[in-house]
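Working notes, structure below.
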Amino acid sequence: MTAPDERPAGAGARRVRPVPGGPLLIEGPVEVELPDGGTARSDRFVTAVCTCRRSRRYPWCDTSHRRRSRDRSPGGPGEGPQQ
Ligand code: FES
């Protein structure tokens, strides 16, 4: 018999998808332990967890990772239109 918190390998595995330069997208309800010992919970179908620490809604991604620092060197990321 399997303990309630154990799952057979591969069965019901939670899918986590890292977005390059962005959050971790995690399927299902998510509970995150915070540095202060508290917890934050999301019951969304997919939750975006911030990995850049720039979010004003940390630990949840608020798309702040999309803002770039200005690099004014020719051809640098600060060149060209803003997204
Ligand atoms: S990963 Fe999106 S705000 Fe940090």
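Note: Cβ is positioned from N, Cα and C throughout, glycine not excepted.
The region 'Disordered' annotation in TrEMBL covers 1-30, 61-83. The compositional bias 'Low complexity' annotation in TrEMBL covers 9-23. Per TrEMBL, the feature domain 'Iron-binding zinc finger CDGSH type' maps to 27-71.
Counting same-chain residues at least six beyond the ends of the compositional bias 'Low complexity' (9-23), those with a Cβ under 8 angstroms from any Cβ of the stretch are 48-52, 61, 65-66. Restricting the average to the domain 'Iron-binding zinc finger CDGSH type' (27-71) gives a pLDDT of 92.
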